[in-house]
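Participant: Please read through the structure below; I'll follow up with questions.
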Amino acid sequence: MIFTVAIDGPAAAGKGTISRAVAARFGFAHLDTGALYRAVGVKGGDPVAAANGLTPEDLSRDDLRTLEAGLAASRVAVIPEVRAALLDFQRRFARREGGAVLDGRDIGTVICPEAEVKLFVTASAEVRAHRRWLEVGGDAARVLAEVRERDDRDMNRADAPLKPAADAVLLDTSGLGPEEAIAQAIALVQAQMPG
Ligand code: CDP
Ligand code: CDP
C-alpha cells in the first residue's frame, strides 16, 4: 500500500509528537525532515555540498535538537540548491511501500502534493515557545524570540515557504494536550484509509 501522511507546521507545534504516534498506530515509516536541514546546518562548510553528501552519522548527531541547530537549519533551508539536494530522498520516502508519515514545512505543498492525508498543525507562538522552553530550558524570552525568528524566515522564503496546502486540515493544538492532538490526527488518517 502506498499511503502518505503529510504533517506540516511551525516550530514546536507538535508535528513530531503526532507523526510518531500516527506512524506507530498504522505501522508506517516516519521521516522527521527537519533533521535533514538541522544536520546540514550544524555540519558547517558549504551547505550545498553538505546536503548532497549527508550521511547516517550526520543524522544521528546528538546536537541536532538544540535551538542553535534549529536556527542554523532555517538559514540553510532558504537555499534552493540545498532543498533540491534533499528532494528525491524525501519523495521516495513518501511513496515507499507500506505507508509513510513525513513532518516538516513543505511536505503537503512541495514534497508530496498527492499525499492522502495533509495536516497543518499550529499553536500560538507563545504556547509553542513555552513547550520548547520546557524541553531546552534557558532564557524563556530568548526561546520565544528564536521561535519567532525561525517562523518568520520559514514563512517568507521564496522557495517552499511554510504555508498550509489548499487541501490541508488545520489542527490548532494551543488548547490541546498531546493525547488529544494525537487522537484527532489518528481519526483523520483512519477516515482516509482504504478498506
Ligand atoms: O515537531 P514539533 O517541533 O512541531 O513539536 P514536538 O517536538 O512534537 O512538540 C514539542 C513539545 O510540545 C513536546 O515536548 C511535546 O510533548 C509538547 N506538545 C504538547 O505539549 N502538546 C501537544 N498537543 C503537542 C506537543
Ligand atoms: O521541530 P521544529 O519544528 O522546531 O523544527 P524542525 O522541523 O526540525 O525544522 C528545523 C528547520 O528546518 C525549520 O525551521 C525550517 O527552516 C527547516 N525545514 C524546512 O525548511 N523544510 C522542512 N520540510 C523541514 C524543516
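Glycine too: its Cβ is placed from the backbone N, Cα and C atoms.
The model shown is predicted, which means the values in this text are computed figures rather than measured ones.
Not my notes, these are from TrEMBL:
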BINDING   Gly9, Pro10, Ala11, Ala12, Ala13, Gly14, Lys15, Gly16, Thr17  ATP binding site
DOMAIN    5-40  domain 'Cytidylate kinase'
DOMAIN    57-190  domain 'Cytidylate kinase'
Participant: Around Ala11 (ATP binding site), how many other C-beta atoms are within 10 angstroms of its C-beta?
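Facilitator: Excluding its own Cβ, Ala11 (ATP binding site) sees 24 Cβ atoms within 10 Å.
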Participant: Among Gly9, Ala11, Thr17, which binding-site residues lie by ligand 2, judged by Cβ under 6 Å to any atom?
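Facilitator: Close enough to ligand 2 are Ala11.
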Participant: Within the same chain, and leaving aside Gly9, Pro10, Ala11, Ala12, Ala13, Gly14, Lys15, Gly16, Thr17, name every residue whose CB is within 8 angstroms of the centroid of the CB atoms belonging to the recorded ATP site, in sequence order.
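Facilitator: Counting only non-site residues, the set is Asp103, Val121, Ala123, Arg128, Thr173.
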Participant: Below 8 Å Cβ to Cβ and six or more residues apart, same chain only. Which residues does that give for Thr17 (ATP binding site)?
Facilitator: Pro178, Ala181, Ile182
Participant: Let me know the DSSP-derived helix, strand or coil state of Gly9 (ATP binding site), please.
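Facilitator: Its secondary structure by DSSP: coil.
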Participant: Could you break down the residues of the domain 'Cytidylate kinase' (57-190) into DSSP helix, strand and coil, giving a count for each?
Facilitator: 75 helix, 15 strand, 44 coil
Participant: Taking the binding-site residues one at a time (Gly9, Ala13, Lys15), which has its Cβ surrounded by the most other Cβ atoms within 10 Å?
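Facilitator: The largest 10 Å Cβ neighbour count belongs to Lys15.
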